[in-house]
Amino acid sequence: MSKVESADFGLQAGEADRIRAVLAAHGVVEQALVYGSRARGTHRPGSDLDLVLIGPVSHQEFNQIETELDDLLLPYPLDLSVYSQIENPALLDHIRRVGRSLYSAE
């Protein structure tokens, strides 16, 4: 998992900062990684934003974060998950290999 933060990911101006502000408001989020096509730089217009949260995120907190991110009215779908709750080994491996940091509480 890369610790390098990037505001790119094919996001429109200011969107990464708005996402970071939502995540920063929730102290349980230690880091958020973008994975998939936006992390690899192979995204297309309309590609979803695959975002995984790292930290002790409860189901209730996850729902609140998801609602707040949805309220940003981003122009593409958001696929949000919590790293510790992912059971698919191939997906975990993919995130470890290509995940790039969008947010870090450090």
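Glycine is no exception: its Cβ is also placed from the backbone N, Cα and C atoms.
TrEMBL has this to say about the protein:
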type	residues	note
DOMAIN	19-105	domain 'Polymerase beta nucleotidyltransferase'
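Mean predicted confidence for the domain 'Polymerase beta nucleotidyltransferase' (19-105): the pLDDT average there is 96.
Counting residue by residue with DSSP, the domain 'Polymerase beta nucleotidyltransferase' (19-105) contains 35 helix, 21 strand, 31 coil.
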